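Novice: Here it is, the structure, as structure tokens.
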Amino acid sequence: MKLAILSRNSKLYSTRRLVEAARERGHSVRVLDPLRCYLRIASDGFAMHYKGKPIAGYGAVVPRIGASVTRYGCAVLRQFELMGSYTPNSAAAIARARDKLRCHQVLAAEGIGLPTTVFGDNPDDTADLLAMLGPPPHVIKLNEGTQGAGVMLTEKLSASRAAIETLRGLYAHFLVQEFIAEAKGADLRCFVVGEKVVAAMRRQAPKGDFRSNLHRGGTARPVRPTRAEAETAVRAARILGLRVAGVDMLRSRRGPLVLEVNSSPGLEGIETATGIDVAGAVIDHVVAMATSRKRAANAVLTDS
Ligand SMILES: Nc1ncnc2c1ncn2[C@@H]1O[C@H](COP(=O)(O)OP(=O)(O)OP(=O)(O)O)[C@@H](O)[C@H]1O
Ligand SMILES: [Mg+2]
Ligand SMILES: [Mg+2]
């Protein structure tokens, strides 16, 4: 099959591994920088060019769209979808999943466990907002933060108020959560492909921090998720319409609590920690889905 990896940088570990896994399986694969794809949109037909040449005919694309290029990257991905390429994560699903607050609302509505979360706009409402949440410690996080930056822990109500005031002053969007102390600075990353958790790791925060992000010095080891954890991860990804997702959870007394669902989860940490060929699992899934979709479309054509 003719595959494209949509990625800004072909040297990144995740991109390299996807290319490698596709080649090992005998597919033709190309890395396309979404910012070098440009489009002609007209009712008589679409055209997409890449560095001066037309591109078409990709059976499937694997999007690796960084947070900084969500808008443009998703527009390009949508174009691939409109031109008939299969993608495990649609442009719409990626754009939706990027908004932590929105994810919390949608997942909570479906009964997925989450740390209790509050958000509000007006400073006059802060006292009642924090009362709705309960006593500190609180975790305050930027709505579109990443890699643990923009996540802070406040031990006292006065600190929560001061942090909230500061963020409002900066016009930042943020949410405030109960602190799950029993997670003890560890979180669980379940890598979902299709309807399965193909690999999972437990990340432990470095001494003196509560954030387990590997970018913040956390360490990872392989873990076998419980049945409840695996089911929660798969359901959360499905609810958000993602067929490749990194679901981050905390282990708590009330079961797994989802922190976030990443639509372009990195492969380096999880493959290194677990030794599992996650890239291969992604490619196998994408090719199987693209093939069965094509078969179904052909069946419709022969029926009519
Ligand atoms: N409510 C909470 N209670 C306890 N620990 C938390 C809580 N929220 C976050 N943490 C810790 O902080 C880390 C970072 O938080 P989170 O995953 O929400 O943001 P982020 O890592 O910046 O986002 P991204 O994973 O997209 O980079 C988590 O991995 C977890 O270890
Ligand atoms: Mg995280
Ligand atoms: Mg994330």
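A Cβ is built for glycine as well, from the same backbone N, Cα and C atoms used for every other residue.
Caution: TrEMBL annotation is automatic and unverified by curators.
Pulled these from TrEMBL:
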DOMAIN    104-287  domain 'ATP-grasp'
BINDING   Lys141, Glu178, Phe179, Asp187, Arg211, Ser212, Asn213  ATP binding site
BINDING   Asp248, Glu260  Mg(2+) 1 binding site
BINDING   Asp248, Glu260  Mn(2+) 1 binding site
BINDING   Glu260, Asn262  Mg(2+) 2 binding site
BINDING   Glu260, Asn262  Mn(2+) 2 binding site
Novice: Near ligand 2, which of the binding-site residues Glu178, Phe179, Asp187, Asp248 are found, taking a Cβ distance under 6 A to any of its atoms?
Specialist: Asp248
Novice: Determine, to the nearest whole angstrom, how far the Cα atom of Arg211 (ATP binding site) is from the Cα atom of Asp248 (Mg(2+) 1 binding site).
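Specialist: Pair distance, Cα basis, whole Å: 12 Å.
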Novice: Between any two of Lys141, Glu178, Phe179, Asp187, Arg211, Ser212, Asn213, the residues recorded as binding ATP, what is the biggest Cα to Cα distance in Å?
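Specialist: Maximum Cα-Cα distance: 19 Å.
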Novice: Of all the binding-site residues given, namely Asp248, Glu260, Asn262, which is spatially nearest to Asp187 (ATP binding site) at the Cα level?
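Specialist: With Cα distances computed to Asp187 (ATP binding site), the winner among Asp248, Glu260, Asn262 is Asp248.
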Novice: So which binding-site residues out of Lys141, Phe179, Ser212, Asn213, Asp248 end up within 10 angstroms of Asn262 (Mg(2+) 2 binding site), measuring C-alpha to C-alpha?
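Specialist: For Asn262 (Mg(2+) 2 binding site), the binding-site residues whose Cα atoms are within 10 Å come to Asp248.
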Novice: Measuring Cα to Cα, how many angstrom lie between Phe179 (ATP binding site) and Asp248 (Mg(2+) 1 binding site)?
Specialist: 15
Novice: Would you report the average pLDDT that the model assigns to the domain 'ATP-grasp' (104-287)?
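Specialist: Taking every residue of the domain 'ATP-grasp' (104-287) together, the mean pLDDT is 95.
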Novice: In whole Å, note down how far the CA of Asp248 (Mg(2+) 1 binding site) lies from the CA of Asn213 (ATP binding site).
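Specialist: Cα to Cα, Asn213 (ATP binding site) and Asp248 (Mg(2+) 1 binding site) are separated by 10 Å.
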Novice: Do you know which of the binding-site residues Asp187, Ser212 has the most other C-beta atoms within 10 angstroms of its C-beta?
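Specialist: Ranked by Cβ atoms within 10 Å, first place goes to Ser212.
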Novice: How long is the line from the C-alpha of Lys141 (ATP binding site) to the C-alpha of Asp248 (Mg(2+) 1 binding site), rounded to the nearest angstrom?
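Specialist: So the alpha carbons of Lys141 (ATP binding site) and Asp248 (Mg(2+) 1 binding site) sit roughly 15 Å from each other.
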Novice: Can you tell me which of these binding-site residues sit near ligand 3, meaning the Cβ is under 6 Å from at least one of its atoms: Glu178, Phe179, Asp187?
Specialist: none
Novice: How many Å lie between the Cα of Glu178 (ATP binding site) and the Cα of Glu260 (Mg(2+) 1 binding site)?
Specialist: 15
Novice: In sequence order, what residues of the same chain, 6+ apart, have a Cβ less than 8 Å from the Cβ of Asp248 (Mg(2+) 1 binding site)?
Specialist: Asp187, Leu188, Arg189, Val258, Leu259, Glu260, Val261, Asn262
